[in-house]
Ligand code: S3P
């Protein structure tokens, strides 16, 4: 696919449902008693893999003709052994959260995924989960395919996150659902709290308190085990990580005016908005409200000049998936943008520090890639763009969409080698962007 230089974007966009919340709604629905209805579920490949996995474990899951999803759960601890290998596709979140659930069920399951997922580290969840009594047999480096033998008598876990990861936090909490007593997770840096919010919404007792460790403030999250979860109606907000692409594209194209409706505004997800506003981006936040326990708002975005900034490491957890597209904004900004604390980018769907740096280099930009930092010299206007060599996207949906945004804002078109991974998180990306005026072509 190729993005051609585009003039301006205009129109109103309703974005697909939040990927993180969609996975959790299907999983908690499958662990609840009674019916969970889900409106606005992201129907991307990642989430469809989670739906298939929960079905394989015994939950009943249907989509009706109006697009509403219905889940009839098996109750906490009530899932059954799958009769085949579970394929989680491209989804790290799906795989890691599911491992948490499986660890405290008395069953054996085998998980696999696509080439990208089979290369990603799973020890970050299997190490803490083993303490509940589960056994894991993985490939070298703790990689998929992996067999989990869940615990018959799961013990509650007490774990301090060594890396700021909502996936690890959630895996531990989900394992704790079927263990007696309190499961405790400590995080020194706040990460997205969708699991905590949704667990409380489904009826679990879960509390967060601030504690001091070695002179630093941290959060302690305590879940009371073996609750009865009750099926609930869930309304999934629009995914801020998907909104990031039309948002940055509109900012980079002078004359653009775009409205993005019902975008999730969870404070642990809004680091990109803060950063773009610091860069001088014209983003008006309107109609702030709450939907299904999550804050949402409409965003009115107008194109205009941006200035380079320094993005502090402390902000990384709240915008971890947005650095690739921020790097595209930085390329067009005036001056240098320095992004720090990016070590976790190396273990995403691709090594995003490397894929972004390589791609921007290919598009004529001056980049400095550190072990966990990225510096982009902005060109104060349209970056040069592609040089007839496609950008290698490494099965990474966000790398694909980021470079298409760059192509819209560049002097020359930008071609990517493979657009198919976009369907994992944003199946209608091409059509919705074209509706706003983006020039995207198939080859
Ligand atoms: C996610 C957490 C983040 C994020 C991923 C979704 C989640 O991963 O990158 O896209 O839904 O919990 P980490 O927890 O590994 O940082």
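Residue numbers in this text run from 1 along the chain shown.
Just so you know, glycine gets a Cβ as well, placed from its N, Cα and C.
Of the residues proposed, 167, 257, 268, 277, the one TrEMBL records at the same phosphoenolpyruvate site as 19, 92, 120, 352, 398 is 167. Among the recorded positions 20, 120, 321, the ones whose Cβ sits under 6 Å from an atom of ligand 1 are, in sequence order, 20, 321. Taking only the Cα positions, the spacing between residue 24 (3-phosphoshikimate binding site) and residue 398 (phosphoenolpyruvate binding site) is 21 angstrom.
Whole-number maximum of the Cα to Cα distances across the phosphoenolpyruvate-binding residues 19, 92, 120, 167, 352, 398: 19 angstrom. Looking just at the domain 'Enolpyruvate transferase' (4-431), the mean pLDDT is 98. Residue 398 (phosphoenolpyruvate binding site) has 321 as its nearest neighbour among the recorded positions 19, 165, 167, 321, 348, going by CA to CA distance. The Cβ neighbour count for residue 165 (3-phosphoshikimate binding site), using a 10 Å radius and every protein chain shown, is 22.
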